């Protein structure tokens, strides 16, 4: 009863001396008119956050294409931070499970985190449903997860490649939640050069060695023209019985092979 009686008493905000305002409670207004020169003490609204003062450039070249023997996945291995080459041995093909691969383009931390989270979700799906997740479902799962963070600064452009009941599957997913199915994709700063090679040499009926050579040549051409791509060409092949790592070729060796020049 004592507490109730205290709470029922009105606060003396209009009494002289309260808050040191001499009884003028109207001075508590913190709107634009409360201060001179149109200033305000009100907190800013929750608008679109400002762009960061330092913009870090991302550069890479990744590609994937479907053909009658599966899916070919290839990527360079150079990591850059602006004009600085941070590493020449980055693994840009992420192994989700024995039948699924993902590629890394954009922010390395974003791609690595979300695709490893996807690997966990795919494993949970497999345990619950007693079967492997399809390529389409895995790509949709990733798109739904990153869409919740749209506009919050994520930087990711990935390809989900695999083999399921329907055969080889290939999807492009980015940090905006976009998801596209296709036969050929290339992502990264060197993708324009890789597309030029793939568009000329791609066919669904390629033989295995022809497909390997096309992927190596496309990544090599991108590293030759794009300063943000380089290192080695890591090549994977997704087959009906799972993916295999085919090779890792230094671009200097490929330069001798494809350009015909000598050191």
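Using N, Cα and C of the backbone, Cβ positions are placed for all residues, glycine too.
Under the heading active site, nucleophile, Swiss-Prot lists 60. Under DSSP, residue 60 (active site, nucleophile) is assigned to coil, being neither helix nor strand in the three-state scheme. The C-beta environment of residue 60 (active site, nucleophile), restricted to residues of the same chain at least 6 apart in sequence and closer than 8 Å, consists of 75, 76, 78, 79, 92, 104, 105, 106, 187, 188, 189, 190, 228, 229.
Secondary structure from DSSP puts residue 108 (bortezomib binding site) in a helix. The Cβ neighbour count for residue 108 (bortezomib binding site), using a 10 Å radius over every protein chain in view, is 19. For 108, the entry in Swiss-Prot reads bortezomib binding site.
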